[in-house]
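Peer 1: What TrEMBL shows for this protein is this:
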type	residues	note
DNA_BIND	A:29-68	DNA-binding region
BINDING	A:Gly103, A:Ile104, A:Gly105, A:Asn106, A:Leu107, A:Gly108	NAD(+) binding site
DOMAIN	A:92-193	domain 'CoA-binding'
Protein chains: 2
Amino acid sequence: MTRASSRRPGPPTRTERGIPEATVARLPVYLRALTALSDSGIATASSEDLATAAGVNSAKLRKDLSYLGSYGTRGVGYDVEYLRYQIAREIGVTQDWAVVIVGIGNLGHALANYSGFGTRGFRIVALLDADPTLVGERIGEMEVRDFAELEDIVKADRVSIGVITTPAGPAQDVCDRLVAAGVTSILNFAPVVLSVPDGVDIRKVDLSIELQILAYHEQRKSGEAALPQVPELPALNGMPDLPSVGGGVGA
Amino acid sequence: MTRASSRRPGPPTRTERGIPEATVARLPVYLRALTALSDSGIATASSEDLATAAGVNSAKLRKDLSYLGSYGTRGVGYDVEYLRYQIAREIGVTQDWAVVIVGIGNLGHALANYSGFGTRGFRIVALLDADPTLVGERIGEMEVRDFAELEDIVKADRVSIGVITTPAGPAQDVCDRLVAAGVTSILNFAPVVLSVPDGVDIRKVDLSIELQILAYHEQRKSGEAALPQVPELPALNGMPDLPSVGGGVGA
DNA sequence: AGGAGCTTGTGAACGTGAGAACAAAATCGG
DNA sequence: CCGATTTTGTTCTCACGTTCACAAGCTCCT
C-alpha cells in the first residue's frame, strides 16, 4: 500500500521514456530561474549562468536539460524564452490544472489568498470545508463551499489535483473522498501518512518534519563545538523510565 | 556558493559518525508514528507495524534504526516509549529550539497560529515584520514586532532557527540579516533560491514547485491513456515564436 | 532443558544520482 | 577560409540509497 509509482514489470525495467525523478523535481526551479532572467530582459544564458540562478552545479543542469532534448546551442548557450517554453511544456504548465483546496483553516486561508497560486498553470476552482459555519465565507474572490459538493465540482471542472489542509484526523477520509471522486494527484499538508491506491500521486509538505531535520543538524553543530557529551555507547542512561520488554501489542 | 553542507576533506570521506541524510529525513516520520502508537496504548511494535504506520518498507525502517543503535529486541520488536525517546533525543527535540518567523503575511499568520508548532521541541519567540502597519498586531498570544529588533531577539533568546515567510523580493536580505544575527538554520517559504555561507543549513518549502511536480506526472497519466501526441522528435513545432539564436546577454 | 518460531540487524546486490572530464559543434577574428 | 575559443551534450566513475536475504538472538512451549 501507499505505493503511488506505476512500475510495471516491463521489458528492460526502463522508465517509459521517463525523466528521472530527481530531474523532474528541479525543472520547476529552472523554470523559475528562466522566468526571472526573462523578466530582466536577458535573451541568452549559458548553463553556468542558469546553474547559478537555480542554485545547482552546471554539469547537473546540463544533464537535466539533456533529458528534454537538445535545446541549447554549443558555444552560445540557451535561448531563455525558447527553453522556458520547452520546460513549461514538459512540466505541463502550459495548460491550466484545476485545483480544489479542502480544509479552510489558517493554512487553507493562506493558500487561497496566495496570489496567482505560485506561477500560472493552476486554477483554484473551489474551497471546501465540512464545517457549516465556514461555508459561505468569502475569501478573495471565492466562496467556501460544502465538502459534500466535492463530487459535483470534480466532475464539472475536471479537477485532477486536490490540496488537503485539514487537521490530521479527517485527512485520510478527505483523501479517500477525493480519490473516489476522481482526483489523481494530491498535495497533503496534514501531518499524517496518507495511503492511496496505485495510480494516484501524492506529495507531502510537512512543516514540523522540516523543522526537526533542521534541529538535528543544529544539534550536531552545537555538539561538535561545545558540548560533546553525546553518549558514544548505545547506553541506556538518562532515560526517563526504562520499561522491561513485554506487554502485548494489542491495545 | 549556496553550499550549506560541511564536507571537510577528512581522511576517508566518511561522514563524521553521521546518519545518512535520507535517514534523517525519515526519523521525524518514525517519531510521529511512534507517538501515535503510544497514544493508542500500544507498548511494543515490530518493524513491520512501524513501517506500515510510517508508510515505508520494513527493511528500510530497520536499516534506518540501526544507525541509531540496537534498540530493538529480536523476536519481539521495539518498545514504543523507549524507541520514541531515543529518536527524539537523536533528532534533538528533547530540548526546545527557539524560532523566529519573519514576514507576517497570510502564511506567516497561519504558521504563527499553528497549534503547538507541530510537535513539541520548538518555541516561537518572535513574529517579525518590516511593515509598520503590522507591528503591534496581536496574533494568538504573541505580538508582531519590528524587524529591526531581530538582532536583540536572536541574542536574548538564543534563536538558532529562522523561518522566512516574506515575498520573494526581500527574502535574500532577510536571510542575510538572520545569518548576520547568528541564526544558523533557515526554513524558507519564499519562492527564491537563497544563498547562505557554509555552516548555515537551509531548507526550502515551495508550494508551486510541489504542484508543478504533480502536474508533470498528471500530464503523463493523461497522455499515456488518451492523447499520446507528445512530440517524439525534439521538434520545434507549436512554439509561440521561435527566436533565432543571438542577441547579447546583457539587458 | 531444548527446539520451534519470530523478529532484528546487517552484508551484499542493485539501481539511481552526482560530478568530472572531454569530444562535438557553433561562433568569432583574422 | 581556417584556427582559436566557447559552451553544450554525453560518457565514465564514484557515492549514495534501496531492497533482498539470511544469520544471530530472543521468547515461548513442551
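Cβ atoms here come from the backbone N, Cα and C positions, even for glycine.
No curator has checked TrEMBL annotations; they are predicted automatically.
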Peer 1: Check each of A:Gly103, A:Ile104, A:Asn106 (the binding-site residues) against chain B and write down, in sequence order, those whose C-beta lies under 8 A from a C-beta there; write 'none' if there are none.
Peer 2: A:Asn106
Peer 1: Give me the mean pLDDT over the domain 'CoA-binding' (A:92-193), rounded to a whole number.
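Peer 2: Mean model confidence (pLDDT) across the domain 'CoA-binding' (A:92-193) is 95.
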Peer 1: Please work out the helix, strand and coil residue numbers for the DNA-binding region (A:29-68) from the DSSP assignment.
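Peer 2: When I sort the residues of the DNA-binding region (A:29-68) into the three classes, I find 28 helix, 2 strand, 10 coil.
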Peer 1: With helix taken as DSSP H, G or I, strand as E or B and everything else coil, how many residues of the domain 'CoA-binding' (A:92-193) land in each class?
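Peer 2: So the domain 'CoA-binding' (A:92-193) is made up of 36 helix, 29 strand, 37 coil.
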Peer 1: Under 8 Å Cβ to Cβ from A:Leu107 (NAD(+) binding site), same chain, six or more residues apart: give me those in sequence order, or none if nothing qualifies.
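Peer 2: Non-local contacts for A:Leu107 (NAD(+) binding site): A:Thr165, A:Phe189.
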Peer 1: Could you tally the C-beta atoms, other than its own, that fall within 10 angstroms of the C-beta of A:Gly105 (NAD(+) binding site)?
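Peer 2: Here the count is 17.
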Peer 1: Could you list the residues of the same chain, at least six apart in sequence, whose Cβ is under 8 A from the Cβ of A:Ile104 (NAD(+) binding site)?
Peer 2: A:Ala112, A:Leu127, A:Leu128, A:Asp129, A:Leu134, A:Glu137, A:Ile139, A:Val144, A:Thr165
Peer 1: Is it possible to get the count of other C-beta atoms within 10 angstroms of the C-beta of A:Gly108 (NAD(+) binding site)?
Peer 2: 24
Peer 1: In the structure shown, which of the binding-site residues A:Gly103, A:Asn106 has the fewest other Cβ atoms within 10 Å?
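Peer 2: Fewest other Cβ atoms within 10 Å, among the binding-site residues A:Gly103, A:Asn106, is found for A:Asn106.
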